[in-house]
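Chemist: When I checked Swiss-Prot for this same protein, it listed these features:
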REGION    1-61  region 'Disordered'
COMPBIAS  25-44  compositional bias 'Polar residues'
COMPBIAS  47-57  compositional bias 'Basic and acidic residues'
TRANSMEM  71-91  transmembrane segment
TRANSMEM  138-158  transmembrane segment
TRANSMEM  169-189  transmembrane segment
TRANSMEM  199-219  transmembrane segment
CARBOHYD  Asn222  N-linked glycosylation site
TRANSMEM  227-247  transmembrane segment
TRANSMEM  265-285  transmembrane segment
TRANSMEM  299-319  transmembrane segment
TRANSMEM  348-368  transmembrane segment
TRANSMEM  376-396  transmembrane segment
TRANSMEM  405-425  transmembrane segment
CARBOHYD  Asn469  N-linked glycosylation site
TRANSMEM  470-490  transmembrane segment
TRANSMEM  512-532  transmembrane segment
REGION    534-564  region 'Disordered'
COMPBIAS  539-564  compositional bias 'Basic and acidic residues'
Amino acid sequence: MSSERPDGSAVGDAVPKDTAVGGATDSSRTSNDASQTSQDTAVQETPPKEAPAKEAPAKPASELTQSKWKIALLLGLILMSMFLVALDRSILATAIPRITDEFDSAGDIGWYGSAYLLTCCSFQLLYGKVYTFFDIKTVFVANLLLFEVASAICGAAPSSTVLIVGRALAGIGAAGIFAGTIIAMVFLIPLRHRPKIQGLFGAVFGITSISGPLIGGGFTTNVTWRWCFYINLPIGGVALIAIALWMEVPNKPTANLPLAEKIRGLDLLGTAVFIPCIICLLLALQWGGTTYAWSSGRIIALLVVFSVTFVVYAALQAFRPKTSTIPPLYFLPLWFQTVKGVSAAESGVHLLPVMISMIVGSVTGGFFNAKVGYYSPLAVTGSTIMTIGAALIYTFKVDTSTGRWIGSLILYGIGLGWSFQAPNLAVQTSLAKKDVPSALALIMFVGLLAQAVFVSVGDNVFDTQAARNLSWIPGFTASELTSSGAVSFLTALSPSQRVEAIEDYNSALRKVFMIGLVLCAVCVPGLASMEWKSVKSRGSWDEKPAAKPTDKPTEEKKVPPEAV
């Protein structure tokens with residue numbers, strides 16, 4: 001309510017202008033008796049046109065301290081860094097055959113991807129803590145520099161072993177860049193605008209999924225596979241220098257903590273237990289049933305170590321809560337190449353419907369969430385559509401028409417683009433500011449871990465099911481299929497055998513698609529059960545609530561310190 005003065009003006013009509021723009025100032029925190037005289041004077045001296053009936057929403061600190069052009073430039077540089085990391089995940093696929101020919105290292109093929117994924121996944125949670133206690137710009141620039149050095153090592157690698165080491169280092173840097181891009185956005189962009197930006201992040205991954213294999217194939221064919229890594233140097237160098245010079249991130253409450261206290265907060269003991277835990281799990285899933293039998297001593301030992309370290313890590317998180325840290329697109333090219341008989345390049349073209357629709361869904365979903373505010377409706381709708389698309393993919397047969405598989409992929413891509421933003425927006429809207437870095441790191445870790453686990457599970461399911469289906473071929477052995485590759489194995493068969501073998505391949509791949517369908521279906525109730533909150537909600541921790549003309553000056557004192 002506003003109190004009336006002798007001249008008819010209301011106290012609440014003049015004061016909120018300053019408090020809405022500047023936040024809760026020191027003067028607004030003084031007692032009413034001490035500030036009454038100055039407020040009366042301000043009311044009398046303010047012309048009527050200076051006291052609008054409705055004030056604009058308060059701007060967060062990031063909009064006051066940096067211009068829109070500078071924030072746009074910084075976002076472009078951050079997106080460039082994310083582009084490099086995303087490109088690094090897709091550009092290598094077409095270069096691997098040439099790499100193995102040069103190094104005579106067919107047995108190391110799995111390590112070129114696994115070394116990167118193991119370190120990227122294992123260090124994800126640690127970086128959530130690092131960004132909580134240390135300067136965001138310093139950590140981000142350091143990881144970008146590490147990624148650049150690792151790319152140079154990979155490009156100049158004289159042997160397969162050096163290349164694997166370089167990939168492992170690149171994974172560590174990529175983990176820091178993954179976490180840093182989202183966390184930097186939290187401090188640069190107001191919550192109500194973040195859905196649009198996260199839509200751009202999704203578009204970056206979609207673009208690199210399309211361009212990565214094409215760029216890698218072009219370098220490998222026309223220049224050398226080493227340029228798949230060298231390309232990171234000039235692009236990343238520009239981003240690194242510009243971010244180091246221009247990025248400004250507000251100080252966090254933990255900035256002034258002693259170094260020893262920051263290190264204690266990193267949960268180094270938990271990390272030391274967690275990293276071997278995840279490595280043992282991923283190695284067991286990658287090797288089990290393919291390189292080694294599930295009953296072999298190595299696989300059993302890996303699973304035992306994983307189980308023990310997981311229990312220890314869970315105990316550490318439970319008893320030390322103050323420091324605790326807690327696949328259709330992969331197999332579709334194989335379906336196109338084996339069942340539909342297209343080339344590797346053509347299979348990449350056939351993925352365009354799902355990639356383009358995912359980009360469109362991501363961008364449109366971002367703008368929709370920013371406009372409406374509530375992210376849950378689109379998340380539930382998107383996950384439902386994604387599940388329908390996954391169900392249609394599961395029904396693929398040898399004679400599935402072009403229109404049907406294109407429509408199925410479009411549905412899957414649209415649903416994926418609409419729903420993938422929800423977890424990131426949920427933690428930014430619901431959690432306290434100090435908890436957001438760890439929560440975002442946890443989300444990214446779970447995504448990377450799920451990718452590693454279920455791709456390995458899918459590999460095992462396909463190899464096992466295909467070997468069982470093809471056992472009718474005279475002299476066939478499972479090792480023959482894994483050593484020669486699915487496509488090469490088909491070409492070695494007679495025409496009559498090939499027709500039946502293609503049916504067997506399709507049956508095996510449908511088992512893999514069933515895994516994706518189940519995972520998509522599980523997402524629907526999970527997203528539907530999330531608390532409905534709006535990114536425009538009043539009192540978001542990084543934006544001060546808009547002042548209303550009827551607010552009393554004393555009500556501005558109720559703004560919590562963490563909202564400033």
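For all residues, glycine too, the Cβ spot is worked out from N, Cα and C.
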Chemist: Comparing the glycosylation sites Asn222, Asn469, which residue's C-beta has the most other C-beta atoms within 10 angstroms in this structure?
Modeler: Asn469
Chemist: Between Asn222 (N-linked glycosylation site) and Asn469 (N-linked glycosylation site), what is the CA-CA distance rounded to a whole number of Å?
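Modeler: A Cα-Cα distance of 40 Å.
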Chemist: Assess whether the transmembrane segment (71-91) lies in contact with the transmembrane segment (169-189), where contact requires at least three Cβ pairs under 8 Å among residues 6 or more apart in sequence.
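Modeler: With 3 or more qualifying Cβ pairs, these stretches touch.
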Chemist: May I ask for the residues of the chain that lie six or more residues beyond the transmembrane segment (348-368) and have a Cβ under 8 Å from a Cβ within it?
Modeler: 195-203, 206-207, 209-210, 213-214, 329, 332-333, 336, 340, 342, 378, 382, 405-406, 409-421
Chemist: Can you work out whether the transmembrane segment (405-425) touches the transmembrane segment (199-219), with the criterion being 3+ CB pairs under 8 Å where the paired residues are 6 or more apart along the chain?
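Modeler: They do touch: at least three Cβ pairs between the two stretches lie under 8 Å.
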Chemist: Residues sitting near the transmembrane segment (199-219): Cβ under 8 Å, six or more positions beyond its termini, same chain?
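Modeler: Contacts with the transmembrane segment (199-219): 75, 79, 82-83, 86-87, 89-95, 181-182, 225, 227-228, 231, 329, 345, 348, 351-352, 355-356, 358-359, 361-367, 369, 417, 420-421.
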